[in-house]
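These features come from Swiss-Prot:
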{"type": "REGION", "residues": "1-403", "note": "region 'Carboxyphosphate synthetic domain'"}
{"type": "BINDING", "residues": "Arg129, Arg169, Gly175, Gly176, Glu208, Leu210, Glu215, Gly241, Val242, His243, Gln285, Glu299", "note": "ATP 1 binding site"}
{"type": "DOMAIN", "residues": "133-328", "note": "domain 'ATP-grasp 1'"}
{"type": "BINDING", "residues": "Gln285, Glu299", "note": "Mn(2+) 1 binding site"}
{"type": "BINDING", "residues": "Gln285, Glu299", "note": "Mg(2+) 1 binding site"}
{"type": "BINDING", "residues": "Glu299, Asn301", "note": "Mn(2+) 2 binding site"}
{"type": "BINDING", "residues": "Glu299, Asn301", "note": "Mg(2+) 2 binding site"}
{"type": "REGION", "residues": "404-553", "note": "region 'Oligomerization domain'"}
{"type": "REGION", "residues": "554-935", "note": "region 'Carbamoyl phosphate synthetic domain'"}
{"type": "DOMAIN", "residues": "678-869", "note": "domain 'ATP-grasp 2'"}
{"type": "BINDING", "residues": "Arg714, His753, Leu755, Glu760, Gly785, Val786, His787, Ser788, Gln828, Glu840", "note": "ATP 2 binding site"}
{"type": "BINDING", "residues": "Gln828, Glu840", "note": "Mn(2+) 3 binding site"}
{"type": "BINDING", "residues": "Gln828, Glu840", "note": "Mg(2+) 3 binding site"}
{"type": "BINDING", "residues": "Glu840, Asn842", "note": "Mg(2+) 4 binding site"}
{"type": "BINDING", "residues": "Glu840, Asn842", "note": "Mn(2+) 4 binding site"}
{"type": "DOMAIN", "residues": "936-1073", "note": "domain 'MGS-like'"}
{"type": "REGION", "residues": "936-1073", "note": "region 'Allosteric domain'"}
Amino acid sequence: MPKRTDIKSILILGAGPIVIGQACEFDYSGAQACKALREEGFRVILVNSNPATIMTDPAMADATYIEPIKWQSVAKIIEKERPDAVLPTMGGQTALNCALDLERHGVLEKFGVEMIGANADTIDKAEDRSRFDKAMKDIGLECPRSGIAHSMEEANAVLEKLGFPCIIRPSFTMGGTGGGIAYNREEFEEICTRGLDLSPTKELLIDESLIGWKEYEMEVVRDKKDNCIIVCSIENFDPMGVHTGDSITVAPAQTLTDKEYQIMRNASLAVLREIGVETGGSNVQFGICPNTGRMVVIEMNPRVSRSSALASKATGFPIAKIAAKLAIGYTLDELQNDITGGRTPASFEPSIDYVVTKLPRFAFEKFPKADARLTTQMKSVGEVMAIGRTFQESLQKALRGLEVGACGLDPKVDLASPEAASILKRELTVPGAERIWYVADAMRSGMTCEEIFNLTGIDMWFLVQMEDLIKEEEKVKTLALSAIDKDYMLRLKRKGFSDQRLAVLLGITDKNLRRHRHKLEVFPVYKRVDTCAAEFATDTAYLYSTYEEECEANPSTRDKIMILGGGPNRIGQGIEFDYCCVHAALALREDGYETIMVNCNPETVSTDYDTSDRLYFEPLTLEDVLEVCRVEKPKGVIVHYGGQTPLKLARALEEAGVPIIGTSPDAIDRAEDRERFQQMVQRLSLLQPPNATVRSEEEAIRAAGSIGYPLVVRPSYVLGGRAMEIVYELDELKRYLREAVQVSNDSPVLLDHFLNCAIEMDVDAVCDGTDVVIGAIMQHIEQAGVHSGDSACSLPPYSLSKEVQDEVRVQVKKMALELGVVGLMNVQLALQGDKIYVIEVNPRASRTVPFVSKCIGTSLAMIAARVMAGKTLKELGFTQEIIPNFYSVKEAVFPFAKFPGVDPILGPEMKSTGEVMGVGDSFGEAFAKAQMGASEVLPTGGTAFISVRDDDKPQVAGVARDLIALGFEVVATAGTAKVIEAAGLKVRRVNKVTEGRPHVVDMIKNDEVSLIINTTEGRQSIADSYSIRRNALQHKIYCTTTIAAGEAICEALKFGPEKTVRRLQDLHAGLKA
């Protein structure tokens, strides 16, 4: 069936901000869908609230709306654009839920819009737990024994049937949100209450426990003519009980016999037919009991998912692109496989001659109070994938690509300590983020594979593979370097051992080991990912390293530029940096360079095989990058676009003779090294907050006395404000030095005077060495002290005078030229009174670059990449700062709901996972839309509770006056109420939590409050008010912890609920006029 001609325009729903469970894989799928549909001649309309995505680039769709993915906003877009069809399968759970809302509210029917890719009934059948259960029984497949509950009474009735432990999963949520495993009644009630609260349909599925069962996934694609292919089978290394997004996974499945594989293959096809997925990709999850072989279907997703991004990258088969084309009527046999250059049709099942391992990346260090045990609710924030010829090789490559300080199966436990045995037992029994390293330690301690299997449920096959690696390590430890000959070195490298790990085992430096290996002439070769196990030729350069005979890299002799990506997502380094890498690749390819991407994150657009000319799917370690450089001999390497990951390699790459283009590693060091930075600030006669670098506790106490409290304290060289705190007095400083960091000569601690009540600013600029152009000045809404990645910001600034902005421009230009920046640079400044302080300078791509580029209609990352390759800003015609004639607000999105027990207060340590953008004619409108995009519901009336610290009291009466004018009743604690009453306003007093009942938390629990403005300072007051913030989060009450955000909310509420939607392309056209 060729493509449909009865539809002309298609609306694609994006996935919105990055949250745990829904990350950049949906930017990857959405961007592919946009490209696929436009090349077929359709008009594409896109809605996505996340500005850091490639899919929201104005060139990706015909009409782009950076608007909230809520049915109300999308309805306005449908009314304006009149699309013929909507494609909801590319934007994760967010898009599916939005599509179902549009259907339910009659919007699709009213405007005659058809749902393609999956219809409402299919989505409902797959997502509604009771319908899915019945559908599986109809085709003779088993689901886990389970029951459905819509209330606590029903839940208790199901529990009677199933007993403990049981697994609770809310309907229509993703990443297992709100679910969990209950081992006793108390846990059961807590999880069920939370689950009923979070499920949009107030429905829970309560399952028998399958903990310890083996878990598999099948990635399936089906078309209208019932052609089905399995793209890839995926096996979970961790058994059931750990969410698949948090499991180590391996593709293809390693421990199935062919017969078992065929049974599962047939079952997954039957599931797609029964649910009615006719066009596109789905994944089906299975559990198998290791003792009896009983197989159950756990769930299916009728959409492109996290696993399909992994399967696409693992096989080279572009699932999202194919799914988009099937949705418009094509069949698999009509579509060509790009990787083989059209030599095979898309109906060929991919076959692969290598092993892929995915490891999750966690961020528990950011949330010390979070429960770090892994259960059925997803907690990881990113992932890394590695390709090798054997499981051992791909596992060890993935371990070093994860960037958690391990270069392989490094030891975690001191086996000589008396606690060792009990630590190992606990870590093996209850899975945590680092279980695989504990498994290795258990093997070192003499535990047998059987004993480990009994504690972990990890398949014996995997354990035997790991045991072999540990035995090999023990052998290497006994040898001298000279004893390792060419054959033995090859054997070790084929098992995936890194130079660094071998050097540690031999007690020598990495450099010496690498020299020895090169002397033996042991080098990796590069193999191609070609979807067909080398049966057909491929022109696509999608490569991975391994130690074999034949190298398939065939590098060209063109001028090449290599871009180092950011590795796995984590808090503080996410999709924004990937966006910059993609833009660099696109710009330099346009300019005639051959572009080479090195990265290991399977979720991203940068690791798509057609983003750059050549893709090396390799860990970002010195060894791996140097080997790629050895083969490719690039003319220049860009290290400034992938966040801290490639920057950490800059110096060592330079020493090894790799040509780094753009800002020099020495200039980067001048900006990062405190003492060198201070000299520069003084030389330019600029201001910075009084500060000191200390190397012992005594020194710290002395320095603190002369700088004056409050202080910002942190270890040097960190990204995302790791272990950063504000301390208000001596005892707090001592506690920080004791508990949070080990201060020493090698790891100094930085003290800065904290600028209380200051307005923070962020500036992005491009410099070519002689000219500097400001990309944008952004004003933070939260005052200084909140990490810049967590603060909302406004572009242009909404309350800074022209004089202040001009002075900022002068200072930024001075610093760019003094540092010799070539490329991008980001500066953070603070305004206190009438003084401007420089807080920090980063001569690299920052996380605000995508947001700024969307606001000013010009890609800073592209311009800067061209500058790094030798162009001047004058040649590029970018000489003038572009100041938008509309307001844009960027708002951060947080994962607090996933981590009960964590305080949702903002501070100097970054905690957000993603961002959204709101656009409006006024600051208030833009802020209101950003809140809506972040799924924060702004109250329109009711009772506002206000309690602020002394420093905020001068502003509090103004906020109260606004709220009363907007129809709110104001309640406040004694100190705050006094100030409001003094201004002649009506206020009701309420007890603080520490002053006896009824207090404010009682009001929250009784749903008597609709808005909370609660600001604190100092450890004690933060601890006292913790229950206010946590309860507000549980009761979904809008709560802000800064007075500045309180003022912004008043602006947003004045704007009122009537929304207009704006095309990005129209906004940009207005800037050029």
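Residue numbers in this text run from 1 along the chain shown.
Backbone N, Cα and C define each Cβ position, glycine as well.
Secondary structure of the domain 'MGS-like' (936-1073), assigned with DSSP and counted as helix (H, G, I), strand (E, B) and coil, comes to 71 helix, 22 strand, 45 coil. Asn842 (Mg(2+) 4 binding site) and Gln285 (ATP 1 binding site) have their C-alpha atoms 44 Å apart, to the nearest angstrom. The two recorded residues Leu755 (ATP 2 binding site) and Asn301 (Mn(2+) 2 binding site) have their Cα atoms spaced 49 Å from each other.
The predicted model assigns the domain 'ATP-grasp 2' (678-869) a mean pLDDT of 90. Shown for the region 'Oligomerization domain' (404-553): DSSP residue counts in helix, strand and coil, namely 76 helix, 12 strand, 62 coil. Among the record's ATP 2 binders, Arg714, His753, Leu755, Glu760, Gly785, Val786, His787, Ser788, Gln828, Glu840, no two C-alpha atoms are more than 19 Å apart, and one pair sits at exactly that spread. Between the alpha carbons (Cα) of Gln285 (ATP 1 binding site) and Glu299 (Mn(2+) 1 binding site) lies a span of roughly 5 Å.
When the binding-site residues Arg129, Glu208, Glu215, Glu299, Asn301, Glu840 are screened for a Cα within 10 A of the Cα of Gln828 (ATP 2 binding site), the ones that qualify are Glu840. Of the candidate binding-site residues, Glu215, Val242, Glu299, the one lying closest to Arg714 (ATP 2 binding site) when CA atoms are compared is Val242.
Fewest other C-beta atoms within 10 angstroms, among the binding-site residues Arg129, His787, are seen around His787. Glu299 (Mn(2+) 1 binding site) and Arg129 (ATP 1 binding site) have their C-alpha atoms 9 Å apart, to the nearest angstrom. In sequence order, Pro144, Arg145, Ser146, Leu162, Cys166, Ile167 are the residues of the chain that are 6 or more apart from Glu208 (ATP 1 binding site) and have a CB within less than 8 Å of its CB.
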